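Record features (TrEMBL):
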type	residues	note
TRANSMEM	29-49	transmembrane segment
DOMAIN	88-278	domain 'ABC transmembrane type-1'
TRANSMEM	90-111	transmembrane segment
TRANSMEM	123-147	transmembrane segment
TRANSMEM	201-221	transmembrane segment
TRANSMEM	227-246	transmembrane segment
TRANSMEM	255-274	transmembrane segment
Amino acid sequence: MTITVNSPQKSPQKLWRIWRQNNRRQQTLGAIVLGTLFLLGIIVSPWFLGESGLSTVLTQRNQPPSLAHLFGTDWLGRDMLRRSLHGLSLSLRVGLLAASVSALIGTGLGLAAGTFGGWVDAVIIWIVDVFFSLPHLVLLILIAFAVGGGTKGVIIAVALTHWTSLARVIRAEVLQTNSSDYVHLSRHLGKSSLWIARHHMVPHIVPQLLVGLILLFPHAILHEAALSFIGIGLSPHLPAIGIILAESMRHLSTGYWWLGVMPGILLLLAVKAFDWLGENLRSLFDPKTSQG
């Protein structure tokens, strides 16, 4: 005697939902991979390009974009594509360090505010409100100028002014986790706040930390370029993207538009790539969006 068991058939609507969910996840992962490869390509490009194209060639100066020089050449005959890649790579590395320090500050203060509460929370929130009440760019300039400018000034200024939003996000996540049953049980078992923060809070804030760190990059890069543009950022001898844009301003009126437009487009693409990467990471970590 043979017993046949009919397996339940999935409805077309359910199959479509599963396919759309998997397809959306694959698209998100693909976007993350593409954005990461693009940014890594910019960062490592100086090591592959070397110093070729950066030397002075007066016979090729002020040439517009062409197949030989996609971004044209500057007033000294230097290839603008290679200069822009070198400058943006330097700006990305400076932004990476500044954004990482800023993310650590925001994570630490947000974790402390949500875990300990009371006067600790009140003081940290007051500091956050003070930073939000001050003009952001003015505060950046003042801090960079106070510490002497240069690469050190840019890193310190960006790190000390970009942590506030992430601190609020981390604090909100910690406060939500604080109301969980397992956290209350840990407190009843006599676990300290530091133990709870280490074992219960930190694992929950890792996604917010990663997304916040990625989304800090565009602000760090743009503000590094702004500080270098006005002369209190990186050294003029370094090919930072802000310095390249500042130098190009003296030649735009003569019709050499590519000296400012092409590096500016590359900077905007890098900023957009970071923003795109951060948004896709947020969608990947968010259960609502990841499940379609």
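Cβ atoms are placed via backbone N, Cα and C, with glycine included.
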Listed stretch, out of 29-49, 90-111, 123-147, 227-246, 255-274, that has the most CB pairs under 8 angstroms to the transmembrane segment (201-221): 90-111
Paired segments the transmembrane segment (29-49) and the transmembrane segment (255-274) in contact, 3+ CB pairs under 8 A: yes
Same-chain residue ranges lying at least 6 outside the transmembrane segment (123-147) that approach it to Cβ under 8 Å: 109-110, 112-113, 153-154, 156-158, 160-161, 164, 167-168, 171, 223, 226-227, 230, 232-233
